[in-house]
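As structure tokens, the structure follows; a few thoughts come after it.
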Amino acid sequence: MLCSCRSKSKFLALTLLLLSAATWLYLSVGETEYGPSLGPVAPHFSATSLFQVELESRLREAEEENRRLRQQLGEIRNEEQSPGGGTEGDNSSHCEHRSLTEKCELIHVAIVCAGHNSSRDVVTLVKSILFHRRNPLHLHLITDDVALRVLRNLFNTWMVPSLTISFYNASELKPDVAWIPNKHYSGIFGLLKLTLTKALPSYLSKVIVLDTDITFATDIAELWAIFKKFTGEQVLGLVENQSDWYLGNLWKNHKPWPALGRGFNTGVILLLLDKLRLIGWEEMWRLTAERELMNMLSTSLADQDIFNAVIKSSPTLVYQLPCYWNVQLSDHTRSEQCYSELADLKVIHWNSPHKLRVKNKHVELFRTLYLTFLEYDGSLLRRELIGCPSEGEQQGGSQAALSQLDEEDPCYDFRRESLASHRVHLSFLPHLTPTPDPSDVTLVAQLSMDRLQMLELICRHWEGPMSLALYLSDAEAQQFLRYAQASEVLQSRTNIGYHVIYKEGQLYPVNLLRNVALKNSHTPYVFLSDIDFLPMYGLYENLRKSIAQQDPTGSPKALIVPAFETLRYRLSFPKSKADLLSMLDTGALYTFRYHVWEKGHAPTNYAKWRTATTPYRVEWAPDFEPYVVVRQDCPEYDQRFLGFGWNKVSHIMELDAQEYELLVLPNAFIIHMPHAPSFDISKFRSSEHYRRCVQVLKEEFHQDLSRRYGSAALKYLAAERNQ
């Protein structure tokens with residue numbers, strides 16, 4: 001057998017040498033007859049240039065064939081040097097013919113994912129797979145309600161080519177395993193991999209199953225190709241456990257579940273689903289679990305204990321994968337025996353409860369590899385590089401609209417970025433949905449990394465629910481996560497929804513952010529604020545009372561919260577309206593933007609507010625942009641407005657067009673805190689082109705408003721012309 005393998009290796013090496021020589025000779029002939037042929041192609045093609053194109057194409061084909069043969073040769077050499085799969089303890093070399101995965105063969109991967117934290121972890125896993133892959137992928141995600149909401153929206157907005165996602169309801173599978181006591185930190189979800197023959201479609205014959213704490217360092221197609229090595233009764237592909245857990249010698253009186261030798265780790269599994277169904281897998285694992293639980297009482301390592309008990313009884317079911325397909329970084333691991341250099345690593349498994357803080361002499365190397373994908377820009381993975389035809393690719397309306405844009409349009413950048421598809425990760429951190437209350441109100445705001453310091457301040461002023469949209473890069477999202485987890489103030493709050501919108505383009509998509517925060521509020525009313533404003537103490541309860549006093553059957557209302565500002569970074573915050581009026585009189589506070597944009601808030605009628613004791617009505621006026629409390633189902637913000645200029649004005653205009661009644665609250669206020677000018681406001685002030693494009697967008701908005709609301713909207717156009 002070994003001689004046969006070496007003969008095949010020599011044959012492939014000879015083929016590779018001859019192919020390389022033929023390619024070199026072919027290229028040399030082309031250069032001799034037609035001159036240098038691989039330079040840029042001229043605009044006007046001659047017979048010579050056509051030949052150059054053909055020659056270049058054939059050269060690429062030859063290089064691809066060369067690469068494929070090199071890979072196949074390398075695999076055969078690896079098989080000569082390393083033990084093949086089989087039962088535990090089999091170190092003989094099996095020179096089996098291993099066909100490479102077909103170029104466009106669809107690879108199926110199943111992952112159990114539940115909760116907010118697991119939804120973040122699975123993104124890093126998927127990034128590592130997508131980065132290395134050369135094949136189409138179909139992800140089968142078994143999720144709870146939280147992960148379903150988060151991941152469905154994330155993948156819909158990510159729009160990765162040649163990637164299909166299917167979701168399966170974990171709640172429907174829980175009854176199958178709920179009877180099993182489990183001490184593992186994964187809880188009931190750690191047992192659901194046992195149910196995959198039932199959960200996944202009957203047409204699916206094989207699948208790779210992964211834990212969420214996995215990082216790939218190679219193409220997953222290499223793992224998929226190992227299915228072809230299964231023989232006889234083998235239906236499970238697993239890596240041996242790399243700790244002494246199942247040997248029972250970790251501590252005194254340690255009694256693990258039964259296992260074959262060291263046992264096997266289930267962080268990476270190859271499942272032959274069709275064969276498992278034929279042998280009655282569901283009954284097999286259930287009977288085994290019932291038998292062992294009579295003595296063990298509960299599982300310690302969730303599904304892994306039951307898989308190992310089954311394998312102990314039926315060892316012919318398992319194909320042992322090489323250990324580099326699951327390098328385990330558990331607390332008692334011996335995984336360093338699996339690799340001698342970085343090139344040996346294929347899959348890293350962070351299977352310690354301590355995750356990145358696990359003690360391991362090579363942990364810095366592994367952590368660096370993990371952080372590479374954690375902070376990698378996921379938008380780069382949208383690029384189609386594998387060249388496989390795709391069925392049912394996501395081709396949103398925005399893509400069609402983008403293709404219709406005129407690149408000669410002076411405002412092309414504004415139009416293109418308003419149509420950009422941003423990845424959206426809802427509920428980036430765990431939070432609770434508020435208890436239903438007809439008068440409850442959520443503070444809605446958006447921010448970027450440079451405003452992060454405002455979060456703790458706002459939390460001290462507003463005890464109610466918040467929905468915050470954060471515009472971050474992948475790396476900044478991790479900085480925010482560390483900041484939030486280290487903050488006692490933020491950690492003490494369970495009623496704040498943080499929704500990450502990943503950066504794309506140069507302009508700040510302010511109204512997209514507002515809409516994401518607005519749509520993901522879970523109370524009947526919302527307070528549409530900005531991150532630079534501190535609410536008065538007690539504003540949350542004040543607004544709830546004001547809402548309760550409104551007639552819910554009348555016309556829709558927008559309750560205006562008067563806005564003020566200070567130029568002082570250190571401010572003794574007013575505790576009441578009387579304190580605020582005193583500070584207003586002494587010059588410690590001002591009405592908001594009175595010195596640069598007075599008409600933005602002048603219709604609030606601050607003179608009347610000073611003495612008002614009941615809400616009073618004001619009329620809409622051009623450029624009015626107050627901060628308001630409205631029902632959560634109010635009109636969304638117009639996303640054509642990016643950066644600075646008219647993003648709030650347009651929204652108030654739409655509220656007025658829908659006949660919202662504007663009421664100023666007499667005992668409520670917010671104060672704007674000073675900060676350095678944003679990039680967008682600096683651009684607006686310095687660039688005439690920027691201001692001209694904002695004006696163009698304003699005019700188009702007026703036209704759209706007239707089409708939607710007819711003659712009632714003509715007053716806005718008239719008011720604009722009279723300014």
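The backbone N, Cα and C atoms fix where each Cβ goes, glycine too.
As written in Swiss-Prot, here are the features:
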{"type": "BINDING", "residues": "Asp211, Asp213", "note": "Mn(2+) 1 binding site"}
{"type": "BINDING", "residues": "Asp530, Asp532", "note": "Mn(2+) 2 binding site"}
{"type": "CARBOHYD", "residues": "Asn91", "note": "N-linked glycosylation site"}
{"type": "CARBOHYD", "residues": "Asn117", "note": "N-linked glycosylation site"}
{"type": "CARBOHYD", "residues": "Asn169", "note": "N-linked glycosylation site"}
{"type": "CARBOHYD", "residues": "Asn241", "note": "N-linked glycosylation site"}
{"type": "REGION", "residues": "107-382", "note": "region 'Xylosyltransferase activity'"}
{"type": "REGION", "residues": "383-723", "note": "region 'Glucuronyltransferase activity'"}
{"type": "TOPO_DOM", "residues": "32-723", "note": "topological domain 'Lumenal'"}
{"type": "TRANSMEM", "residues": "11-31", "note": "transmembrane segment"}
Exercise. Just counting, how many other CB atoms are there within 10 A of the CB of Asn169 (N-linked glycosylation site)?
Worked result: 13
Exercise. So what sits near Asn117 (N-linked glycosylation site) in its own chain, CB-to-CB under 8 Å and at least six residues off in sequence?
Worked result: Pro430
Problem set entry | Asp530 (Mn(2+) 2 binding site) and Asp211 (Mn(2+) 1 binding site), Cα-Cα, nearest whole angstrom | 39
For this session: Could you tell me which three-state DSSP class Asp211 (Mn(2+) 1 binding site) falls into?
Result: coil
Exercise. In whole Å, how far is Asp530 (Mn(2+) 2 binding site) from Asn241 (N-linked glycosylation site) when you measure between their Cα atoms?
Worked result: 52
Problem set entry | Three-state secondary structure, Asn117 (N-linked glycosylation site) (per DSSP) | helix
Seminar exercise, completed: Note: in the chain of Asp532 (Mn(2+) 2 binding site), residues six or more apart in sequence with C-beta under 8 angstroms of its C-beta are Arg451, Met454, His672, Met673, His675
Exercise. How big is the gap, in Å, between the Cα of Asp213 (Mn(2+) 1 binding site) and that of Asn169 (N-linked glycosylation site), rounded to a whole number?
Worked result: 21
For this session: Determine, from DSSP, whether Asn169 (N-linked glycosylation site) sits in helix, strand or coil.
Result: strand
Exercise. Using DSSP, would you call Asp530 (Mn(2+) 2 binding site) helix, strand or coil?
Worked result: coil
Seminar exercise, completed: Taking only the CA atoms, the spacing between Asp530 (Mn(2+) 2 binding site) and Asn169 (N-linked glycosylation site), expressed in whole angstrom, is 37
